[in-house]
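Going by TrEMBL, these are the annotated features:
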type   : residues : note
DOMAIN : 23-152   : domain 'HTH marR-type'
């Protein structure tokens, strides 16, 4: 990060090589690689990472409403509706209106959705293994610890901050 300090002092734009080693670029590249590996491993299941996270969250919190789900997995409100429609169309979840609150829809994973989650366990494990394969076990733990630290500290800067609530 020395370059960035020097660049500000000298009022010098970075080179493309500087960009290649900048945090934003590296994080974006990791996201691209992660999405590609996910698609490669889970292609047969037709799930995106957001759909997969949604299914897990709904399974773990039956009758969660859409807004709470979006907060739980850090997805903005405009995106979560489209994701839920897709999962419902594939009969992986149900959405119902509870009698005590007609303004919301609550969701549950269907038997078909649960079956898909079970069948995808090995593929999800392969995604994680492939992403971390270049690192030794100690470096894998270090990377995950540091990424968690960056994400946790900067969570409020996200368009859709993660809000983890423990079950009562």
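Glycine residues also receive a Cβ, built from the backbone N, Cα and C atoms like all the rest.
These figures come from a predicted structure and were not determined experimentally.
Residue counts of the domain 'HTH marR-type' (23-152) by helix, strand and coil are 93 helix, 10 strand, 27 coil (DSSP-based). Within the model, the domain 'HTH marR-type' (23-152) shows a mean pLDDT value of 96, rounded to a whole number.
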